[in-house]
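Annotated active site, nucleophile per Swiss-Prot: C334, in sequence order. Here Swiss-Prot flags C3, C11, C14, C87 as [4Fe-4S] cluster binding site, drawing on sequence analysis. Here Swiss-Prot flags Q212, F241, E262, N307 as S-adenosyl-L-methionine binding site, drawing on sequence analysis.
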Amino acid sequence: MQCALYDAGRCRSCQWITQSVNEQLSAKTADLHRLLAGLPVEQWCAPISGPEQHFRNKAKMVVSGSVEKPLFGMLHRDGTPVDLCACPLYPASFAPVFSALKPFIARAGLTPYNVARKRGELKYLLLTESQFDGGMMLRFVLRSETKLTQLRAALPWLRAQLPQLRVITANIQPVHMAIMEGETEIYLTDQQALAERFNDVPLWIRPQSFFQTNPTVASRLYATARDWVGQLPVRHMWDLFCGVGGFGLHCATPQMQLTGIEIAPEAIACAKQSAAELGLTRLHFQALDSTQFATAQGETPDLVLVNPPRRGIGKPLCDYLAQMAPRFIIYSSCNAQTMAQDIRHLPNYRIQRVQLFDMFPHTAHYEVLTLLCRL
C-alpha cells in the first residue's frame with residue numbers, strides 16, 4: 001500500500017507498510033505458531049485476509065488548529081498536529097464528510113481543544129460508516145455542554161450537506177487526559193443506532209458499543225465461527241464478552257439456548273434489537289461482567305465462546321471453565337499472547353482448530369479463532 005503520509009515521515013501507525021501482504025501474513029502466522037509452541041494443534045486453517053486499503057469503517061480524529069482552520073488527525077508527542085484526512089485506510093466516502101465538517105466547525109463555533117493551554121471545546125471527531133447502507137454515525141467529543149445550543153442550531157446545514165449522517169451525538173469528556181470519550185452521550189438525532197448487516201445477520205452500532213473496524217474480515221470471522229459451531233452438537237451456548245452479539249447471533253439456531261454477556265449496556269441494547277429482528281426467542285443478552293456471570297452459574301453449557309479484550313479472560317475465569325468443563329470452548333482473540341496464556345490454564349482441553357484473521361493490515365496485530373475440545 002502506498003501512503004504519502006508514511007513516505008513523508010508524518011505518520012508511522014502502519015509500521016509494516018513496507019512489507020507485502022503475503023510477507024505480513026507469514027510473519028503473523030510465525031508469531032502465532034511461536035506463541036502456541038508446545039500446545040498440539042490438530043488443524044491449522046489457512047489465514048484469512050481482506051483489502052489492504054480503504055477497509056476501515058471508523059475514523060478517530062483529534063481536532064486541532066483553529067475554529068476557522070481546523071485540522072483532523074493526530075498529535076505527535078511534541079504537540080505537532082498531523083492531518084490524516086487522506087489516510088489510505090479510510091474509504092473514499094469519508095473525504096466529503098471531512099470536507100463538510102471543516103466549515104461546519106466554524107459555523108457552530110466549536111473551538112478545537114488546545115492541549116497545551118487546556119482551552120477550547122472540540123476534542124475529537126468519531127466517524128463510523130455502515131457497509132450495509134452507507135449510513136454514518138458522527139460523534140462530537142466536547143469538553144463540556146457549553147456549545148451544545150450552537151451545535152444544535154448549526155446541525156440542519158450539516159445534515160443538508162451530508163444526508164448519510166443518520167446518528168449524530170455529542171459526547172462530553174471533561175478531563176484533561178488523552179481519553180477518547182466520556183460517559184455522557186447526548187443524542188442530536190432521533191435515530192440512535194446505525195444499521196449494519198454481516199452474512200444476512202442484522203447488527204446495530206451504538207455510540208458506546210464496540211464494533212470491529214474491518215467489516216470485510218470481521219464478517220468472515222463471524223461466518224467461520226458459525227460454521228464451526230454448526231459442526232458441533234451444541235444445544236446450549238454462552239457468548240461471553242459478546243459486544244453487540246456478532247458471534248452469538250451468527251451461531252444461534254431457533255432450537256439453541258444462548259446467553260450473551262457484555263458489560264456495556266449500549267452493546268446489549270444492540271444485541272437485543274438484532275435478536276428480536278431475527279425472531280430468536282431463546283437468546284438472552286444481559287449487561288453483566290462476564291467473569292462474575294460465569295462463576296455464579298450452576299449449569300454447564302455445551303459450548304462457551306469468549307471474545308475478551310486484549311487482556312484475555314484471565315486465570316479466575318480459566319480456572320472456572322476448567323472446573324465447569326463445557327465440552328467445547330471457542331476463543332476469539334485480538335491478542336494471541338494472552339490467549340496462549342489462558343489456554344495453558346486449561347490443561348484438560350486440546351486445540352482442535354486455529355485460524356488467523358488479518359484484521360489489522362500493516363501492523364503486527366491480528367485476530368485469531370481457536371476451537372478447544374475437552375479431553
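Including glycine, each Cβ sits where the backbone N, Cα and C put it.
Feature annotations (Swiss-Prot) mapped to structure.
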residue	record	Cβ contacts under 8 Å, 6 or more apart
C3	[4Fe-4S] cluster binding site	C11, C14, I17, C87, P88
Q212	S-adenosyl-L-methionine binding site	A218, L221, G246, M359
F241	S-adenosyl-L-methionine binding site	I261, E262, S290, V306, N307, P308, P309, I313
C334	active site, nucleophile	P309, R310, M359, H365, Y366, E367
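Residues L5, Y6, S13, I17, L84, P88, L89, H362 surround the recorded [4Fe-4S] cluster site, their Cβ atoms falling within 8 Å of the Cβ centroid of C3, C11, C14, C87, which are themselves excluded.
Within 10 Å of the C-beta of E262 (S-adenosyl-L-methionine binding site) we count 28 further C-beta atoms, all protein chains included. The S-adenosyl-L-methionine site is set by Q212, F241, E262, N307; from the centre of their CB atoms, other residues of the chain with a CB within 8 Å are F210, C242, G243, V244, G246, F247, A267, P308, S332. Looking at the residues that bind S-adenosyl-L-methionine per the record, Q212, F241, E262, N307, the two CA atoms farthest apart are separated by 15 Å.
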